[in-house]
Amino acid sequence: MNFIEFVSQPWHWSVSGAVIVFVMFLLLWFGGNFGASSNLRTLCAIGGAGKQVDFFKFNWKGQMWNLVFIGSAIIGGYLATTVFASPEPVQIAQETQEYLSTLGVSTPQTIEEGNGYLPQEIFAVKNLLSGRNLVIILVGGFLVGFGARYAGGCTSGHAISGLSNLQLPSLIAVIGFFIGGLLMTWLIIPFLFTI
Amino acid sequence: MKLMKYMIPGILFGIVMTKSEAVSWFRIQEMFRFESFHMYGIIGTAVILAAIMTWLIKKYQGKTLSGDQIVFNPKNMSVPRYLIGGIIFGLGWAMTGACPGPMFTLVGHGAWTILLVIASAIAGTYAYGALKSKLPH
């Protein structure tokens, strides 16, 4: 097995967690910090939102490092699905696969069927004109952006940076993430797929 | 040019988000249905190692590359802000299967509909900024 084949396998969760912390270390060492969602505020400010709303009136040039970081994640995503493409689709728990099939969402079994990152039934361009899919994509995205800024951070800023710095506010935020996630997963998603 | 170095953690972040499968909508469903340890393993390992790293940096007064002290800013205490904001974020996270880091990573996968998710997330951020003074914090 050569290096590329070795890296291309799906990574064990412990390796993944350690690499995330290495990314966080590099950001701190370079003088930044680990938090992805603040880039959305920076993008608003670059777009001129500071003219209407004071929240976007800040020195966004000081946040350019974070945009370089998150923009490079696009390159990383490209490399990870081309040069280091996984030989198999994401291996999802059998119970989850069976549940999703009752919603009409199929889990790829072979790499020819898909890589298992996004369900085609929701995210394929050809399925975009379904009302349900537009709700998931547009409302879902809106809630992520609104909620992340309201809570002052997302998974990277609160769940990893905040919890590791023993911040009680971050624990409250993460509890909130789970309340919202459980409501969506157990009540709203099943409802959206039956109407 | 000083910003170019941020490409290293950025590229690595996109790779680890993909190879860890944290970018997978299926993995997020599986996590919130408590049907696999995978996502808990990733986040748990990251929190424990990051806590050790944070403690070491504080104890030994770690410096940045340019020689400044690395500082960790404490967050202001509030319950409604973090709880309500967190719930709204969690609803969106489970719906799209993507938090902000994975959203950008997925653009690199050529998943074009994610651009609409990002555009909506920017709109949501703007809406928060516009409504900020009216919301409980």
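The first residue you see is number 1, and the count goes up from there.
Every residue gets a Cβ built from N, Cα and C, even glycine.
In TrEMBL this protein carries:
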{"type": "TRANSMEM", "residues": "B:38-57", "note": "transmembrane segment"}
{"type": "TRANSMEM", "residues": "B:82-104", "note": "transmembrane segment"}
{"type": "TRANSMEM", "residues": "B:110-131", "note": "transmembrane segment"}
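For the transmembrane segment (B:38-57), the residues of the chain that approach it from at least six positions outside its boundaries are 20-22, 27-28, 30-31, 70, 72, judged by C-beta separation under 8 angstroms.
Residues 13-14, 17, 22-29, 32, 114, 117-118, 121, 124, 135-136 of the same chain lie 6 or more positions beyond the ends of the transmembrane segment (B:82-104) yet place their CB under 8 Å from a CB of it.
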